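For reference, TrEMBL has these:
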TRANSMEM  21-42  transmembrane segment
TRANSMEM  453-475  transmembrane segment
TRANSMEM  534-555  transmembrane segment
TRANSMEM  586-605  transmembrane segment
TRANSMEM  612-629  transmembrane segment
TRANSMEM  635-655  transmembrane segment
TRANSMEM  676-701  transmembrane segment
TRANSMEM  728-748  transmembrane segment
Amino acid sequence: MAEPRRRLLPHLASLLLKYSYIISMVCYAAGFVTVLLLPALAKSTYISENALMPGSANPVFGAREAADAIRMADEVQSLVLKHADGYIAVQEWAVKHMSALSADCYLQPFSPPEKPLSSMRFYSSPQHTGRLSQNGTMEGIPGVNIVGIVRAPQAEGNEAVVLVTPFRVEGMLSTGDRLALGFGMALFELWGNSNWLAKDVIWVLADSRYSAYTAVAAWLQEYHEPRFDLPKDWGFSDPSTQAWLYAGKKLDGETLLDFKRAGTIAAGLVLYVTSGDGGVADCIKVSAEGPNGQMPNLDLINVVNSLAVWRQGLHMRVDTFADMQESASLNYLGQFLEKIGQLAGKVRADWGFVLTASMYVEGLATLFASVKNQALGLPTGAHGAFRNYQIDAVSLEMMAGGDFGTVNEQIDLLTKFGRLIEGVMRSVNNLLEKFHQSFFLYLLSAPNKFISVGVYMIPLGLLLLTLPLGAAVLCSQSVKTAVASDSLNQTESDSTDLFSATPGKPSTEVVKAGEREPDNLVTAKTSVGSWQRAVVVVSVVQLWASLTAIFPPFVSQLVDSIMMNFSASSKAPPVMKFFTIPSLKMFMWATMAIVSLLTMVSFLPTPGKGDWIAVKALLLGVATIGLGVMSQIDFAVSLVGALVLVPMSLCACPLTNIWGKSADEHKGSKSIQFRLFLLLGTMVNIIGSPPVLLASAMYFIGDSSSWQASLSKFWEWTELLWCWGSALYPYILVVHLPCSILCIYILLS
């Protein structure tokens, strides 16, 4: 009688489970190698939106406008030095010149940023929101943004472009801030006299006494979400200041404090002027990363690159790791890829690729810097505030090749930069709709090279594929064992763990009545009770991690209230002999986390033999869900996390398997190989465990001077990630921490 025909899908599924060990190793290795090959897969940038037409018009900004910029920069500096309050001097100077152009101008006071961890709000609250005191004034010294608006002569005011120049007065303006203000005023006057504008131009002089981001975010919030509970005079108690603020009062009752708006903001440019870092040529550095890895439309960067390199002869730079470019191993890898590209071109012309070793190393260093900036979740400039309102913006840092030098060198430098900014403004002015043609999800490997989402998702997909496959193997073997146990009374199954036994066909040898079951059979069996206990263990650990993540605000307020009570009695608490305030907060947080973990563990049910198999299956599922969710919030966090968390989760197995009977059953060389593999998996789990990761973090961000300084650094980073709503914070505490604790639980089973 002919054998029944095998069904294709079940047969493929059985093959996947049978060879899951090999498939998982190949997928992880392929994912890791693909990450290293991303610079070779990068494409040259190109402009997708035809309406931008960069360089289609001759620039008007010339040497005369650059000389005017330097003159106005010297003017504002002299006013700052003469005035008792440098910020008011800048306000008077800006309002005077803006009024001469008949442009709308006003002052926008904003509150100081909230104290870190002063509330439980994480993603929902901007960091600059302040509080009103009982008498209706703003707590703290308010910052004051100066805003001017040039109305487009041939438009209805439906759209606008924003130019931001941050400044800070510390006795006097720095050379960079002085030139930036003069440069911005020269551009503002140029656009005020232009008849080609189709969009309004808003110039924001951002008061950066707290930070440029805080100032820009405060202005954008008021622009899009007006507040009506603000004090009328914002605490300007000085009579001369109040008289100046209301001196320009118009017939319709408007004053300098009346907020004015233009149309929908199409794009934003944040300008900085610096003396560079001793380079040999003038260049412009572009910073594009926003909160949680959000990037502006690639066309905006492409326009800047096209005008800077091809029109003005400037070098364009992005963040990179300079130390990586000196790595010998990466240079060897680059030389190998260079030879591979040449060999592939000889086999078939369209297979070859031109990638020198230096190009590869530079691309990898830039790529890793881009991934690092996106993974931290912190914006790399004030442009990040625009991304909170889905506005495309970049920060442009205009860097001189050396020092600013003579006036003629400054004029030449500002002429190049002025034509560049004018060209970018003309391109954005040509847009008939928002940026949408090019990419929003990408990584930069060079100023003119990018890696799209369709390419960089490949390594993450390969890495994540191993987790559900491992969970499926564990569940499949568990079901087979339970069925065999019910039907044959006692059944011996083959290896149940993806990385703790050699894969193969399940054994069907029946255990004779009265005989003692083999230890590996007892380990393999997972009953309903095992799964129930595993669910309890995983749930308790996940609950503990979630509570640990919300401890910092409580710890911060508790320590602050204690210090306030002691400050009233003019006595310092005894514990302050050993701690600073930040280090005390970090110590209390760590203590609360450890004590709560030990308390919860004490209430866990007594584990049975083989329970770790169910725990591991749930661990793989939790890791898959966590990394998948994080990839939707911040891809870079998910990619970096997968490189560490995937091998940790897959290699988790009890330490007793290294010297127990599970390894003894493999005879000869197989037993040695098996023990070595289990030992390697254990080492991976130890390397990825919280203590080792904390020690690594202390090496990079800690302070070697004292342990108190290191604790303070950790607390400062905690405040930073919390205040910025960084996706890295929930990943570390809600995804990686519970998974690593479960790995330790499995190791000790």
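Every residue, even glycine, has its Cβ placed from backbone N, Cα and C.
Recorded stretches compared: 21-42, 453-475, 534-555, 586-605, 612-629; the one with the most Cβ pairs under 8 Å to the transmembrane segment (728-748) is 534-555.
Stretch with the most C-beta contacts under 8 angstroms to the transmembrane segment (453-475), considering only 21-42, 534-555, 586-605, 612-629, 635-655: 21-42. Listed by sequence, the residues of this chain that lie at least six past the ends of the transmembrane segment (635-655) yet keep a Cβ under 8 A from its Cβ atoms are 24, 28, 31-32, 35, 293, 370-372, 374-375, 377, 441, 443, 453, 456-457, 459-460, 463-464, 466-467, 470, 497-500, 612, 616, 619-620, 623, 627-628, 678, 680-682, 684-685, 688, 727-728, 731, 735-736, 739-740, 742-743, 746-749. If you look at the transmembrane segment (534-555), the same-chain residues 6 or more away from its ends with a CB under 8 A from one of its CBs are 117-120, 585, 588-589, 592-593, 596-597, 600-601, 603-605, 607, 611, 614-615, 617-619, 622, 718-719, 722, 729-730, 733-734, 737-738, 741-742, 745. Residues 533, 536-537, 540-541, 543-544, 547-548, 551-552, 555, 558-559, 579, 711-712, 714-715, 718, 741 of the same chain lie 6+ residues outside the transmembrane segment (586-605) yet bring a C-beta within less than 8 angstroms of a C-beta in it.
Taking Cβ pairs closer than 8 Å, the transmembrane segment (21-42) reaches residues 333, 337, 341, 353, 355, 359-360, 363-364, 367, 443, 445-446, 449-451, 455-456, 458-463, 465-466, 469-470, 498-499, 502-503, 639, 642-643, 646-647, 650 in its own chain, all 6 or more past its ends.
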